[in-house]
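For reference, Swiss-Prot has these:
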- 56-298: domain 'ABC transporter' (DOMAIN)
- Gly88, Pro89, Ser90, Gly91, Cys92, Gly93, Lys94, Ser95: ATP binding site (BINDING)
Amino acid sequence: MMNTINTTNSLEKDNTVTSEQLQFTGAETQSKRQGSFVSFDTQTAPKKDVKNTIKLSTSDVHVYYGESEAIKGIDLEIYENEVIAFIGPSGCGKSTFLRTLNRMNDTIDSCRVTGKVLLDNQDIYDPNLDVVLLRAQVGMVFQKPNPFPKSIFENVAYGPKLHGLARDKYDLEEIVENSLHKAGLWDEVKDRLNQPGTGLSGGQQQRLCIARTIAVSPEVILMDEPCSALDPIATAKVEELISELSTQYTIAIVTHSMQQAARVSDRTAYFHLGDLIEVNSTEKVFTQPDHQLTEAYITGRFG
């Protein structure tokens, strides 16, 4: 069930924070070409057993931009504490679909969504639903790191202060420290919490954004190409973090990297021209796909 959080308009009063920023609220496999398919080393990247508790579900979801249909009636169930990867060629609708899961498409005037999206069996498109609360419960990490123009501490503390999650400054300090620990960043920044978050490296900034998301106690974390702007070392740290976070959160990640999907996800969903073509365990999708379109994509024949 969704927790009660006090909401205010204080974010809107801070003109130094952009509108997009306000929407926030390991062991590697060798995944490479081998013949026609991507090899999938289950020994080096064991996948956890995903419990069949449905956290998010969509039913006949369509998304329109004006008269153009971007998502064509998708049904999908996302399980609690799983990592599910959305893959597909550019323009296939995977990011658009991801944004329906916490109503980020509401910010686009020409966008219209039909169908049902349920979080713990509650319709998130119910007109009486508090969207600010929803976006705290279903957090978003964007493609480009977008720290607030504030200190490292204030970046993480901003959400808890906004939502009234800390009783006093000691509570707030504990939330900030715990969130930075969970994001794998505490040891790197604990002695410079008052320095600007924008002064961190790209990989550190992305982990700071993840800490900021964690700080408001989400149940689901959506990630839209979170590593596309990062170097390989920073990418490896974020991927390891995803694995650790999945013990506490449900994670959906959009990625153009099939190798990344193979490394981090329990299940993979393949999108093509607004349709959900196939969803199955990541191992099966990459080694024995059911659909010819999936096979063509993962073997590099298009996309």
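Placement of Cβ uses the backbone N, Cα and C atoms for every residue, glycine included.
On a predicted model such as this, the values are computed, not experimentally measured, just so you know.
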Most crowded position, judged by CB atoms within 10 A, among Ser90, Ser95 as binding-site residues: Ser95
Coarse DSSP state, helix versus strand versus coil, of Cys92 (ATP binding site): coil
Sorted by sequence, non-Gly88, Pro89, Ser90, Gly91, Cys92, Gly93, Lys94, Ser95 residues with Cβ within 8 Å of centre, ATP: Thr96, Phe271, His272
Among Gly88, Pro89, Gly91, Gly93, the most crowded of the binding-site residues [Cβ within 10 Å]: Gly88
Neighbour count (Cβ, 10 Å) for Lys94 (ATP binding site): 28
Chain-internal residues near Cys92 (ATP binding site), provided their CB is under 8 angstroms and they sit 6+ positions away: Phe271, His272, Leu273, Gly274
